[in-house]
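Structure first, commentary second.
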Amino acid sequence: MGAHASVTDTNILSGLESNATGVTAFSMPGWQLALWATAYLALVLVAVTGNATVIWIILAHERMRTVTNYFIINLALADLCMAAFNATFNFIYASHNIWYFGSTFCYFQNLFPVTAMFVSIYSMTAIAADRYMAIVHPFQPRLSAPSTKAVIAVIWLVALALASPQCFYSTITVDQGATKCVVAWPNDNGGKMLLLYHLVVFVLIYFLPLVVMFAAYSVIGLTLWKRAVPRHQAHGANLRHLQAKKKFVKAMVLVVVTFAICWLPYHLYFILGTFQEDIYYRKFIQQVYLALFWLAMSSTMYNPIIYCCLNHRFRSGFRLAFRCCPWGTPTEEDRLELTHTPSISRRVNRCHTKETLFMTGDMTHSEATNGQVGGPQDGEPAGP
């Protein structure tokens, strides 16, 4: 995604790939560059640390290894990669207007970080679909561990396929002594191919996934808030179970809304720019791009914060992960949250448990047919 008229940076939706023939010198005062560098450094540190911690919390604690949380791992990994590669190298490129990293890394930067962006949005969509099936259709078969891994593999393959055109047409050019990593679209008279690619990507990785997630979470919300725990069960584990489901929906809706807000200005920047390319030659456009790019990349650091604030198990996990910090002292309750698996069936009789699991959408197909209560995955949600 191009920073300005003279540069085509290595993110998705490159602004001036094949049409950047002139060079405009973009420079900024040292203090301004230092401020931007500090802002991007803070973003990368928070995003990488937060998402790495989320991955550790889930993988290191068996209770957290649920179908939904495996998708959250995939989302966290994608966000971590976006922060480490997109935010870091594209900031250097956009702020200096020179590609320092060679031709091989130019291809890599136009493939892997772009793939990670696709994986991020599709992982959120998979989480919405999984929760939709679990809550709205609790008697339908749930994804098994092998099926979940297969879905994750398909997500990565589809993301690679969508990112491959930008990688395929990547090339290194030297313009007035400055090395550029550009995406040179073939036979792109009038920028029609560029605009088409922008629109296709916008629809496939922004508009359609958001529509699907909005519809799924709307139905989930209506389903959960319509159901009420019977009076004789309106306390203890059953009520906590329903409340946990509602908190999960709130957390994931916040994740989706945050993503939508962060990325919309960035997508519009490039779509609108195809209609008025001379704007990329304006001196101020570098600052506009750096601001919009920071906003888009900042979406990678918010999810761990949301999980920590809205889910007690992730909050306990963060305390354990940062137990060396003054504010991260874990308690015995925090350890139990991540290691102890309560048995709902010990608290209530089987038929009442079965009814409650149906209402909260956590009954698997085998439980519905055999009257069995499942393990950690099928009790109080371990996810956010």
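Residue numbers in this text run from 1 along the chain shown.
Glycine residues also receive a Cβ, built from the backbone N, Cα and C atoms like all the rest.
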Among C81, C167, C181, cysteine joined to C106 by disulfide in Swiss-Prot: C181
Same membrane side per Swiss-Prot: P138 vs L194: no
Record-annotated N-linked glycosylation site (source Swiss-Prot) among candidates N19, N51: N19
For the recorded positions C106, C181, C324, the one whose C-beta sees the most other C-beta atoms within 10 angstroms: C181
In contact by Cβ distance (the transmembrane segment (197-218), the transmembrane segment (291-310); 3 or more pairs under 8 Å): no
Between C106 (disulfide bond) and C324 (S-palmitoyl cysteine), the C-alpha gap once rounded to whole angstrom: 39
Composition by DSSP (helix, strand, coil) of residues within the topological domain 'Extracellular' (171-196): 8 helix, 11 strand, 7 coil
Distant-in-sequence neighbours of the transmembrane segment (252-272), which means Cβ under 8 A and at least six residues beyond its ends: 1-2, 13-15, 120-121, 124, 127-128, 131, 195, 198-199, 202, 206, 210, 213-214, 217, 221, 288-289, 292-293, 295-296, 298-299, 302-303, 306, 310, 384
